């Protein structure tokens, strides 16, 4: 094993991110039903949330690529790639801020 601490941290992060994919279909249905409101098409935030939710698995797949850097002994890059998914909730916060600023 190259670096045991890095291995454990990366493994735990990837397991947690992978487990969240089980809730992904439910989140996607919630976003789809948010367009049921009579004026849902008028709100830009509905589309922003839909695109952010639809892009969620891409971040998980990117975080899985941290193992490439782990095997090349680039542990800092592996940590950065593994923590890439932590930026995803920031997009939800920013989109909520945009909604409150323009409504």
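The backbone N, Cα and C atoms fix where each Cβ goes, glycine too.
What TrEMBL says about a protein is an automatic prediction, not a curated fact.
Feature annotation from TrEMBL assigns transmembrane segment to 7-32, 44-67, 79-98.
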Beyond the flanks of the transmembrane segment (7-32) by 6 or more, those residues with Cβ under 8 Å of it: 1, 49-50, 53-54, 56-57, 59-60, 63-64, 66-67, 70, 78-79, 82-83, 85
Long-range environment of the transmembrane segment (79-98) - Cβ separation under 8 angstroms, sequence gap at least 6: 6, 9-10, 13-14, 17, 44-45, 48-49, 52, 55-56, 59-60, 62-63, 65-66, 69
